[in-house]
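A short write-up of the structure that comes next.
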């Protein structure tokens, strides 16, 4: 008998992986001078922001699909504005990197995301410096350095753009945790777009006016409405697909899906863009970094689960986690007062309930859900 909920879950995961990979490859194709030749990453990002904000406006104000949260001027100025500024910066720098380095190498550099998030969290006081996490971060960094050393077409400008974008995104994640969550605001994907996308558009207008507008010649621009419309539509669909994945799965599943997506994307990019060459040192370095990322994710999930348990039950739970085999009589059955156990724990659901646009640092590696990346 077919398990329909399970089939729907795997279908959502497949859609997420396809859309996430598709948006990245599509952006690379649009921006690359060898293909569509639209070398204006800020303009492309502004198109995504404008389209997403417009769709969100119609969904919230016209069709009333969701109800907007109670947003005061003080909350908007102190929370939404700074978060939007770093969100816009991460998209700007990340998309600009496509002009200089390959998709495969960009995905390898993105392994630095947990490192950047951990550093920003420690600096902002939302996390504590720990030896186990530090060693994992060191392993990730070593892997990225090895991968960079093995990159044939290494470009320092593109690498700096990508790394800067990663740290901007990490700071956005931490600011989200510090600012919005402390005020008790919960934004779903639609309300996130409704408030953040227009503000990000405004922030992007300044660098666009100073950097891209002076060099843009309308007569030389290939403007194809259907190309840009479909590109923005795919980016919007990606946001919603991540929301569906978060709603139907747990933290571990999302992280595994993200790792799988990265490997698929690296392989696809070398097929679609033949100029992208992967060396053995690239793979070795990325594998090392990935080991660190996996261990980091395990530590974070373990910490979240442990934080949901009464102190006296933690040793018992740890012993259960390390058992490789369980008899049916050993299965942990939660009572009404302690809802843990089962395939997806309550703590994992709490982690995953946050909107993709404003994912917290606990989902920093796989939940990095930028609209136009």
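Backbone N, Cα and C define each Cβ position, glycine as well.
According to TrEMBL:
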- 8-297: domain 'Sugar phosphate transporter' (DOMAIN)
- 7-26: transmembrane segment (TRANSMEM)
- 38-63: transmembrane segment (TRANSMEM)
- 75-93: transmembrane segment (TRANSMEM)
- 99-121: transmembrane segment (TRANSMEM)
- 133-154: transmembrane segment (TRANSMEM)
- 160-180: transmembrane segment (TRANSMEM)
- 192-211: transmembrane segment (TRANSMEM)
- 223-247: transmembrane segment (TRANSMEM)
- 254-273: transmembrane segment (TRANSMEM)
- 279-299: transmembrane segment (TRANSMEM)
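Taking every listed stretch (7-26, 75-93, 223-247) in turn, the largest tally of C-beta pairs under 8 A with the transmembrane segment (99-121) is reached by 7-26. In this chain, the transmembrane segment (75-93) touches the transmembrane segment (192-211); three or more CB pairs sit within less than 8 A of each other, excluding pairs fewer than 6 residues apart.
Counting Cβ pairs under 8 Å to the transmembrane segment (223-247), the top-ranked stretch among 7-26, 160-180, 279-299 is 7-26. Long-range neighbours of the transmembrane segment (279-299) within the same chain, counting only residues 6 or more positions beyond its ends whose Cβ lies under 8 Å from a Cβ of the stretch, are 104-105, 108, 111-112, 114, 118, 132-133, 136-152, 251-252, 255, 259, 262, 266, 365-366. Same-chain residues lying 6 or more positions outside the transmembrane segment (133-154) and placing a CB less than 8 Å from one of its CB atoms are 101-102, 105, 108-109, 111-112, 114-115, 118-119, 275, 277, 279-282, 284-293, 295-296, 299. Note: the stretches the transmembrane segment (160-180) and the transmembrane segment (75-93) are in contact (3+ CB pairs below 8 A, sequence gap of 6 or more).
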